[in-house]
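Here the structure is laid out as structure tokens; the discussion comes afterwards.
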Amino acid sequence: MRVQRKEMQRDAWTRILLVWITCVPCFSTVPFNNQSMSLQSTSDAALRSRLLEGQRILIRAKRGWVWNQMFVLEEFSGPDPILVGRLHTDLDVGNKNIRYVLAGEGAGTIFAINDKTGDIHAMKRLDREEKAEYTLTAQVINRDTNEPLEPPSEFIIKVQDINDNPPQFIEGPYQGSVPEMSPVGTSVTRVTATDADDPVYGNSAKLVYSILEGQPYFSIDQNSAVIKVALAGMDRELREEYLVVIQAKDMGGHMGGLSGTTTVTITLTDINDNPPKFSKGSYEFTIPEDLGIGKPGGRVKANDRDIGENARSTYSIVGGDERDVFQIITDSPTQEGILSLKKPLDFESKKFYNLTVVATNVRSSTTGVPFLDQAVVKVVVEDADEPPVFTESMYVFEVHENAPITTVIGTVAARDQDAMRSLIRYSIDRHTDLERQFNIHVEDGKITLAKPLDRETDTWHNITVTATEIRNHSQISRAIVAIRVLDINDNAPEFPAEYEAYLCENGKPGQVIQTISAVDKDNPVQGHTFHYRMEILSNPNFTIKNNLDNSISILAKHDSFRRQKQEFYLLPIVVTDDGDPPMSSTNTLTIRVCGCSKDGVVQSCNPEAFVLPIGLSMGALIAILACIILLLVIVVLFVTLRRHKNEPLIIKDDEDVRENIIRYDDEGGGEEDTEAFDIATLQNPDGINGFLPRKDIKPDLQFMPRQGHHSDIRRICLKKWGHLFQNC
């Protein structure tokens, strides 16, 4: 507990304080927790001197020392154990019968107690960085009975720090960057060191930073460890990287303190402070006149001491390209300007060009004005043997499909571009004219017809014509010739399909039977116009109606059409176009007479239906068919029953037929009786073919039933011979 001093008035407490001051040496304990055990204190003399100061003593409340804390210095390595403190109780008045007991963290191993005096010693070397404090419990017991004399009390032993750990840069080595030409005081980066010593006790963990290497370029704030630029005008193009050594020292930087170091690599980043510069003031390129469009003709380069985006230049032509023949683009990987053609060169018209090329850099980061440099590029056009050039890239000719053979369709022409004129030969690429329908004159380029044309087969013919220099067969040019075949009226109109119309028997006069339209393979410019007429103008059964849309409708003239009279009609129709000369064709329409419902829906057109009475419905047909099937079933049943009546009469052994007595009203005649009736016939009536029984004697079947067996005998009789004897 804390020993506290209360504020007391001067007059009330003067005598009490004087007595207490006089008697202070007599006391060696301070009560705590309402117990008599205490820790030894050495502050009594100081307190006494403070209380005796002045004639007038002013007592004020102040913090007393904390009784339940002890301190031990870390890393102590003397020959004897170090005394940490002493435990004492009011019960200890020279009585040898008490014993001090220590328990808790490190009791018995790190800390030992003298059970008689209460002295606590540290037995091992302690390290505050491993464990800063220990919590223990003290108690007084009877030495003889081991019974506690006081309740246990808890206290803490704190390990006092010494400066035994140097500062460390955990995250080092460091990397930093700052733009070149930065002003003095520009922040670069910050470093951080840590010290394992106690930051609240002394200056063991108070760090001060300094630069060991890196002056005069950089400096560091000794408290915040922020590295700053110390020299103005540092140029990346002269030196790009700096190695700075930073030191952190504890004890506030005083002598005896420990220190640690780290390195910081500082890189100057580039800014756009250098203009592009051509490696030479003029360039000369020789470009053949047949160089393709977009192909490179030469390269120029403006060097820039900057790097990255700051070194990128844009090239442009600002003079000498009046006809807009050239263009220059930037090659990103090499930062070169590539000169190429936008239009073909012509040695015969212009033999050289003087171009002014400018390389422009992005805006300067210091002045804001774009950097640029220019150079002169001289282009010499080199003559080349070029292929012939057709007067047109594509020719379009027209010819009628009835044109005769050798008709001239059109003429192509090509010229030699070189100074030395050469004769040219023309030909047709036969891969584009597999049927060889056209020919070309090798000298004048006239295209003629070789085979008749049919517009309805091919409307267009695309062929390729080649022009070759006679003196240099490798110089070949090609041109496409499109030949359009013009139409003539050489096809008659006709029906697109074979029409088959249906006419209802119960139709009315004027009924539309079929609508017909024609087609024509020809394709006149003004469109098709067809005229229809019946081949037999005075047809008694049908007539036609013009629908004014190149189609007609076939109409019935009367309502007396019957299938019994005529099943179908053939109606020839003549179709004529408006061509020059007009073409016509005759097409036949087949009209079938059919039976229809009241709504005009066709039901049957088969000639077999003529034999049926008029008005016979489908239900009636089904009823007739059902009757026929029923009659067939009856016939089959009758035949089956007749077969069962003809089964043989066989007496089985397992049945008792003793009561079935057949009596003949005739006397035995010996052999005559034997021949008259064969008893085997009763057993197997089918065994003797053609046997005819006697007809002069009619046998009588008599029954002699036993008493009580009349119903059984009757059942047996009916079962075996019922088909022979009807009155069994």
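Each residue, glycine too, has its Cβ placed from N, Cα and C.
All annotation found in TrEMBL is predicted automatically rather than curated by experts.
As annotated by TrEMBL, transmembrane segment applies to 12-32, 610-639. Under the heading domain 'Cadherin', TrEMBL lists 89-169, 170-278, 279-390, 391-495, 495-609.
Residue counts for the domain 'Cadherin' (391-495) under DSSP, helix first, then strand, then coil, are 3 helix, 47 strand, 55 coil.
Using DSSP to sort the residues of the domain 'Cadherin' (170-278) gives these counts of helix, strand and coil: 3 helix, 46 strand, 60 coil. Looking just at the domain 'Cadherin' (391-495), the mean pLDDT is 88. Secondary structure by DSSP for the domain 'Cadherin' (89-169): 0 helix, 35 strand, 46 coil.
Per DSSP, the secondary structure of the domain 'Cadherin' (279-390) breaks down as 4 helix, 61 strand, 47 coil.
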